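Per TrEMBL, these features apply:
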DOMAIN    100-352  domain 'Orn/DAP/Arg decarboxylase 2 N-terminal'
MOD_RES   K111  N6-(pyridoxal phosphate)lysine
BINDING   L293, D294, V295, G296, G297, G298, L299, G300, V301, D302, Y303  substrate binding site
DOMAIN    378-459  domain 'Arginine decarboxylase helical bundle'
DOMAIN    586-639  domain 'Arginine decarboxylase C-terminal helical'
Amino acid sequence: MSLSRTTREDSPKSWAIENSENLYRIEGWGQPYFSINAAGHVTVSPKGERGGSLDLFELVNALKLRNLGLPLLIRFSDILEDRIERLNACFAKAIARYNYPGAYKGVYPVKCNQQRHLLEDLVRFGKPHQFGLEAGSKPEMMIALALLDTPGALLICNGYKDREYIETAMLASRLGQTPLIVLEQIEEVQLCIEASRQLGIKPILGIRAKLSTQGVGRWGSSTGDRAKFGLTIPEIIQAVQELRDADLLGCLQLLHFHIGSQISAINVIKDAIQEASKIYVELAHLGADMKYLDVGGGLGVDYDGSQTNFYASKNYNMQNYANDIVAELKEACAEHNLPVPTLISESGRAIASHQSVLIFDVLGTSDVPSGAPEPPQEGESAIIRYLWETYQSINEENFQELYHDAAQFKEEAISRFNLGILRLTERARAERLYWACCEKILAITRKQEYVPDELEDLEKIMASIYYINLSVFQSAPDCWAIDQLFPIMPIHRLDEEPTRRAILADLTCDSDGKIDRFIDLRDVKSVLELHNLKPGEPYYLGMFLNGAYQEIMGNLHNLFGDTNAVHIQLTPKAYKIEHVVKGDTMTEVLGYVQYDSEDLIEQIRRLCEQALLDKRITIQESQRLLQNYEQSLSRYTYLSS
Ligand SMILES: *Cc1c(COP(=O)(O)O)cnc(C)c1O
């Protein structure tokens, strides 16, 4: 690769790797897994501080040689392992620090990423810590039951349950599993009582409480009396009564709560634990044989690296989180002379986000015209002269006022065009001059400390559009659905100044299929700094921290299917490709909507035959058409570069 050579020629201003680090905030969100090397490429250290790293750009090139085209999802199983180690280490440290006379036994919520290879890795990596699984539905419980083979690890059974779900979970204890059945609906109490009687099994039961502690942000409504899941306090009392009447109160051993995902503020977590620990103590006083407290999910990921309580960040770290849980429980139990519970957490996002990176290429760009415009010609409309004069007069004092003038003249040019007074070529000249004014004003505002509100959109208006070989709906649905922010940056040319400011437009023909919100230290940026494309050279972008929730929520909008995915594991000398999961072909995607590719080919063949008979097509043309059609069906749904 001759990138570093061309760099020197292209960017006269000096641009160091540190400039890219600051610009893309990679240290903030990427540590300890992602950084930039001297070649200006993103590197991955899948084992965190424990050593070994890979050049991501070179890895992508090597994978492309193995026919793994972009877009490509790369999973680093070592990162997954590191996340599990880290979470368990934080709880171990907190337990030691506070002399907590109990244990931590985490579980992974399957809904966060259900891919088989990932779950198999996770169960394996979790063995030393008796790390278990949490199922949020019947199908997830079926997976968890089959996959979890760690003695002593917990199988938390959440979600809506029918009799079959409950019986299966109870019988799982006969297979050596430790299923904990969490009562989420008051009706489930009787179902459990009946199943227990019939099977003669004393299950471990839990209660999911609706806390009054209100989460904040996107999932704030996951708690409170009107939350979708869990029992209200009166219902908890009713459940205790029903279990006591059935002589099963001893089975009630767990209290569970979940206050929503991506909790940005530590005080919300503290409040919830405080409330839950009080309920826990009371349940023990009511006669339940309390042994477990499950704090649910919510442990946040710092997507923008700002360490704040902004929704894309969090103002605490994993150790603070563990400390608060351990300390609060120890105190609450000591106060009432109760043995402390085994602590359970159900962190999904914090475990699965970092392990995958989505790599995609840029297909092309489009810009508003830039550069110096032509002065007005003899005989051109007065409006063009006004715009020219405005353009010429713009300076640091008057830019705000002249921005309004330019906008007004452009509006006027359009109304004159609509009245038939202005010709199309003149309208083009007027619009060109307007863009030139905007460009000049934007250059001034970028140097200002304070940008007037009305000029804030200028950056967006003047942004380049980078067309990306990706479907946001398939690969980053939360960007579209809930305005989630993921760090996005080029994975190479980072020793070169990115001189363009761009928004990203995806392959779908949906105007929502774009990304125009990017992480920033303060709030959100509306444009992303990117490099000029070089003819004949690919330009790769990476989307990071997207290993949680995106894959399964992705949809087939415009029939773009699953991307290629590959599992990479670090070896002492290099890396090995553990699994390759080929993305959908067109035949597969069309099958989801009930088209049979053989039928489709047959239909095209028939049309070709008729066209040949009618002499509307030559035999060569029809051959070419059929060949393209058949080939496309067996190929990737994305564009090949
Ligand atoms: C979704 C969910 C989780 C996972 O939450 P994260 O914020 O991703 O850790 C845990 N528990 C329950 C009950 C959930 O519904």
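Cβ atoms here come from the backbone N, Cα and C positions, even for glycine.
When the domain 'Arginine decarboxylase C-terminal helical' (586-639) is classified with DSSP, helix, strand and coil residues number 39 helix, 1 strand, 14 coil. Only G297 of the binding-site residues listed as L293, G297, V301 bring a Cβ under 6 Å of any atom of ligand 1; the order follows the sequence.
K111 (N6-(pyridoxal phosphate)lysine) is 15 Å away from L299 (substrate binding site) when you measure Cα to Cα.
When other Cβ atoms within 10 Å of the Cβ of V295 (substrate binding site) are tallied across all protein chains shown, the result is 26. Residues in the domain 'Arginine decarboxylase helical bundle' (378-459) partition by DSSP class (helix H, G, I; strand E, B; coil) as 59 helix, 0 strand, 23 coil. Of all the binding-site residues listed here (L293, L299, V301), it is V301 whose C-beta has the fewest other C-beta atoms within 10 angstroms. For the recorded site, L299 (substrate binding site), the DSSP three-state label reads strand. In space, G297 is the closest of the binding-site residues L293, V295, G297, V301, Y303 to K111 (N6-(pyridoxal phosphate)lysine), judged by Cα positions. Restricting the average to the domain 'Arginine decarboxylase C-terminal helical' (586-639) gives a pLDDT of 97.
Around the Cβ of Y303 (substrate binding site), 25 further Cβ atoms fall within 10 Å across all displayed protein chains. All chains included, 19 other C-beta atoms sit within 10 angstroms of the C-beta of K111 (N6-(pyridoxal phosphate)lysine).
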